[in-house]
């Protein structure tokens, strides 16, 4: 049986009233675009989570995605950001496209369904692919367990999700796209993850420059001594 996959490019900019406060939010942030990639197995609700965040709307039907792009403005820690969200395919036959998606983004949200153990197990594979493509293991990644409203169909416990996330250094939440539980919080935390990593990288780079600067005079002095000898 073949699956007809539609690809609609959605470039939407929406103000999120839950996070934006015109009096407190700084709209002059120069680095205000945060590129997020939503990844996970097919059918876990990646599009449902994204659509609920973007337009407060729950998608009841399953229409497999190739690549959908969304934009939304939010305020995090009194700073305004535009989220550039890439909703990606989970189908195995489209795995070749993932490398390109990964390279285009700076933060990642890995989605599994609490009602499907195999989708939870696949999180490791998605994370490994991200690390392989970007060639670094400090990528801002968070993991979310969707469909938390389906308590009677649960196959993955909250503890299992939290333990895996902690072991791999990822932020973690359980969410429900259907009743909008923790949806805004996911994207708020995703921005924080990206910005924390950026700040750590900035501090690390600054320390490296200081160390190099301090080493140069010593190296010069040693060379002078060697010449004299």
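FYI, residue positions are counted from 1 along the chain as it appears here.
For all residues, glycine too, the Cβ spot is worked out from N, Cα and C.
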Self-check item: Range among 53-61, 62-70, 71-79 that Swiss-Prot annotates as motif 'Effector region'
Solution: 62-70
Quiz item: By a simple count, how many Cβ atoms lie within 10 Å of the Cβ of residue 148 (GTP binding site), its own Cβ left out?
Solution: 21
Quiz prompt | Greatest C-beta neighbour count within 10 angstroms, which of the binding-site residues 40, 43 | solution = 40
